[in-house]
Each structure stands twice: as C-alpha cells, then as structure tokens.
Amino acid sequence: MSGPMQRSSQPQFISSVERNNQSNGPGTPLIDSIDVDQIVIPEKNSWKNLFSYIGPGFLVSIAYIDPGNFETDLQAGAQYKYELLWIILIASCAALIIQSLAARLGVVTGKHLAEHCRAEYPKATNFILWILAELAVVACDIPEVIGTAFALNMLFKIPVWCGVLITGLSTLMLLLLQQYGVRKLEFLIAILVSLIATCFLVELGYSKPNSSEVVRGLFVPELKGNGATGLAISLLGAMVMPHNLFLHSALVLSRKVPRSVHGIKEACRFYMIESAFALTIAFLINISIISVSGAVCGSDNLSPEDQMNCSDLDLNKASFLLKNVLGNWSSKLFAVALLASGQSSTITGTYAGQYVMQGFLDLRMTPWIRNLLTRSLAILPSLIVSIIGGSSAAGQLIIIASMILSFELPFALVPLLKFTSSRTKMGQHTNSKAISVITWGIGSFIVVINTYFLITSFVKLLLHNGLSTVSQVFSGIFGFLGMLIYMAAILYLVFRKNRKATLPLLEGDSTVRIVGRDTATEGEGSLGHLPREDISSMQLPQQRTASDLD
C-alpha cells in the first residue's frame, strides 16, 4: 500500500514511498534506495504467513555451526566425552529465548539494538559499547579465518599461515555476492553444511555412543577436570554470540509487518517459531559432533595415529572422525564443508558489523570495505599465532576467541533485556514476568561463570608464574582491579534506568499512549516504518511471500 495512511480498523502498513516523502529527520533512511524487493506480510491470518518470515533466523543460526563451534565441540568431546553436552542444551535454549527477544525489539520498535543503545546511553558509554561490539565481531571472525585456512590446508596442502593470508580474498567473494545476489551461494552453503551434518549423524550411528552417558551428559551438569570450566565458557561463547543480537534485531526490519497489535504479536510468534526450527537443527549438529568426537576418541580400539589426533584434536585433524562414512574422501569433504561454513559466517558477520557501526555511530560502509576492515583485524592475531605455534596454537586461538565472546556477551545482553522489559520502549509488548526471570537468570549465570573462571585462572597464574613477590603483588592488584571494573560496568548497565521512550507505532498514529498515563507520549526516535530501507536494501536472501504460495 502506498500513499498517505488513513485511520482504519484494519492493520496499517507503512510503505517505503511514505518514508521517502518524510523530511530528512532521524527516521530518514541511510540509503536512498530505490527498487528493493520487499517482503510483504499478508493481512489475512494464515500459517502460510510463516513462509514470509523465514530467513533471519536461519541467517543467525549460521553462527551456531561456524568453525568456532566445530572446534569447541571437537575438543569438548575429545577431552570430556559427553560431560559438557548440558552446556549445549542450556546454551541452545538460552539462545532461542534471547534471539526471540532481539527479533521482538526490532519488530515492535522499528529500531535495532545498536540504534537503541545510541539513543539511550551517554556518548562515553555508547562509545565503549561500540568498541566492545566491534571486538565481538572481530573475535567472531577469527574462527572463520582459521577455519578457512585449515580447509585450504586440507584441500591444497597450503601452510596454515599462508591460508590465513588468503582468507583476505573472501572480500572479493563478498563483492561478487553484492553484484549477483546471495541466494545461489546461500543455497550451496546450505547443501554443504547439511551434507556434513548428515555425515556426522550417520557417523553417530557407526560410533554408537553410550546412550545413557549421552542422556546423563545432556541433563546432569558436571565440570570435572582441569580446563572444563574454560571449555564450557568457550562453548557458551560459541553458542550465544553478542553480535548475533545486533544482527537479528536488524534483519527483522526487512519485513513489511502489519502495524497493529495483532500483526506485531503474530510477527513475534512466527519469528520465534522460525528461530526454534533453525536453532534445533544447529543444536542437533553440535550434539552429534560432540558425541562422535567423544565416542571415537573414548574408544579402546584406536590406532596410535588416531590416539595422537585425539590428544590434540583441532579442525585440521578432525576429518578422521568421518572415515567410517566417507573413507578416503573424509578429509576433502570436511574441508569443503568447513570452507563453506567459514564463508557463510563471514557474510553474516559483515552485515552484523555494518549494523553495529550504523547503529552506534550513524555511519555506514560499503560491505566489502567493512569486510576488509574486520578481516584485517582478525588476520593479524591469527597470522602471528599460526606462524609461531602452527595449527595447534591456531586451534587454541579459536577457543580463546570464543571465550572473549562469552565475556563480552553481558554488554549486549543486558541492554537487550533492559529495553525489552521497558514499557516506555515496548508498550504492551514488554517481556512477561516469567520471561524476565528466565532471561535475567541466564544473564546472571553467564556473569557468574565468567567471573568464577577469571578469578580461579588468575589466582592459578599468580601462584605458578615464577615472578617475584613484588611483581605478583602488583599483578594481583591490576588483575583484580580489572575484574572489579568488569563487574562495575555490568552493574551500571543493569541498574541504570532507561530514560528514552521509543514506542511502537500502531494503526498509523504518530504517537502512542502509555498505559497509566493521561497524555500521549511521542515515541522519541521510534521509526515504526517497516520495512527499513537501509536494512532491506542489502542484498540478503529473499524468500517468497505467503501470497506466492496460494
């Protein structure tokens, strides 16, 4: 529908034509885009509408089966068998709830998480949150760099450090995507990742893990042995990534959702269903990888070569786990799937970086320049580590990158929980008490396990580093001061009151009445115009509308 909106009992749509006719204010699109293939949600109630919402959840779920997840899953299974499966279960459930909140924030307010942060926090706080978000994007890109380098090593015997340099060429691939569209490559990626997932599931049948041990690992929390806590944190960081919250809240802005209470609730429900389906697939893939790794490496019939691989398992050695299914082709096919996984994650990481920069700083870069910047920052540590320590050290860098993501998660999660629990931002679409308790419990658990690991690891480092007493004292002072700053920053975000009202726009109104107030309050900074042209103008994979299925 185009033209001026009129009051009606029917749900109202806000078209891009109307948006372009507005004055250049906060709601003006960053890109004067023109012909954008919009995804329009029909007004009629139908389960076919679900097909119109499919897309964002699957793009986000790519991060749950990236090389970082492969690496942490393989090491978790090889070192602790099925002991850490419960982390995957909890992380997957937490991810579903948290990602659904991110989608809801975008649908209800018409603004994504980074934009809300810019509107809500002082300049200094906003700048720090932007730096942390950018570091999260870079930390997420490190596994993609190393995973791609490992894949090139398996395919062409290229040294890992050379492969790290070659990964910069993925920028050229992104350029091609911008020119020819994403659909065909995403379809190819889906086939390759599905193929490797199928192989692990079939291998699961060959390896025959002890079902009672698997069930125990899923439902009985345990953290035994040295390094279990650190690996659990890396698993958590690999599953619930801070950049995904920014990404998901922005991707949903590409849909033309009915601006009515019912239309918004339906959109939130369908986005949750789509996310649940996508994350269930990712959950099964992660569970199968850990179980295969645990069953194979825990076997008593391993050859000396396989025993050596299991003792220092990383992505570069993991193909032997698939020999029962693929034989001599295991290495090549695993490398191709690893390459596909790394490149697909690079694409979503690039978009996440764009949304972060646009939201926090009101700046926008050409995608290939944005990709080149992020990739350059990720290549530097990967190159140094791969040259000095080889593939084993590069694999450990993936674990460290995942741990960094876990430590940074509260700085994206707390603002999300605060915003979605705020009636002045979400109106009647705020989180229920049950959801609030669950999500704040998840956030508290993450902070507690991160703090516990920091303290125990730092104390061990102080006691066994061989430094003089004076050096230990000063190291302890600075180390614990850093931990106090970390905790204080989180507490600041938790207890700071929201000060900006960003309300949903309903039924064509420019103002929304807050429950319990006598006057209409203008939704400050609320865009309310979906689809957002600065979002939908990006050449993301487009889905058929529900009307196309009739």
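Here the Cβ of each residue, glycine as well, is placed from N, Cα and C on the backbone.
What Swiss-Prot lists as compositional bias 'Polar residues' is 1-26 (among others).
As annotated by Swiss-Prot, region 'Disordered' applies to 1-30 (among others).
Summarising the annotation, Swiss-Prot assigns transmembrane segment to 50-70 (among others).
Residues or ranges marked as transmembrane segment by Swiss-Prot: 83-103 (among others). Distant neighbours of the transmembrane segment (83-103): 56-57, 60, 64, 73, 76, 113, 214, 217-224, 228, 231-232, 235-236, 239-240, 244-246, 248-249, 252, 268, 271-272, 275-276, 279-280, 282-283, 286-287, 290-291, 413, 416-417, 420, 431, 435, 438-439, 442; these residues of the same chain sit at least 6 beyond its ends, with a Cβ under 8 Å from one of its Cβ atoms.
Feature annotation from Swiss-Prot assigns transmembrane segment to 127-147 (among others).
The transmembrane segment annotation in Swiss-Prot covers 158-178 (among others), and the record cites sequence analysis as its basis.
The transmembrane segment annotation in Swiss-Prot covers 185-205 (among others).
The feature transmembrane segment is assigned by Swiss-Prot to 233-253 (among others).
Feature annotation from Swiss-Prot assigns transmembrane segment to 276-296 (among others).
The transmembrane segment annotation in Swiss-Prot covers 333-353 (among others) and is backed by sequence analysis.
Among the features that Swiss-Prot reports, transmembrane segment is placed at 368-390 (among others), with the record citing sequence analysis.
For 397-417 (among others), the entry in Swiss-Prot reads transmembrane segment. Panel annotation: around the transmembrane segment (397-417), residues 67-68, 71-72, 75, 98, 101-102, 105, 113, 116-117, 120-121, 129, 132-133, 135-136, 139-140, 142-143, 146-147, 230-231, 233-238, 240-243, 245-246, 249, 314-315, 381-382, 385, 431, 436, 439-440, 442-443, 446-447, 450, 454, 486, 489-490, 493-494 of the same chain, lying at least six beyond its termini, place a Cβ under 8 Å from a Cβ of the stretch.
Taking Cβ pairs closer than 8 Å, the transmembrane segment (435-455) reaches residues 94, 97-98, 101, 229-230, 232-233, 236, 240, 406-407, 409-410, 413-414, 417, 421, 483, 486-487, 490 in its own chain, all 6 or more past its ends. Summarising the annotation, Swiss-Prot assigns transmembrane segment to 435-455 (among others) and lists sequence analysis as the type of evidence.
What Swiss-Prot records for 473-493 (among others) is transmembrane segment, and it gives sequence analysis as the kind of evidence.
Per Swiss-Prot, region 'Disordered' is recorded for 523-550 (among others).
Per Swiss-Prot, compositional bias 'Polar residues' is recorded for 536-550 (among others).
Annotation: stretch 50-70 has the most Cβ pairs under 8 Å to the transmembrane segment (127-147), among 50-70, 233-253, 276-296, 473-493. When each of 50-70, 233-253, 473-493 is checked for Cβ pairs under 8 Å to the transmembrane segment (276-296), 50-70 comes out on top.
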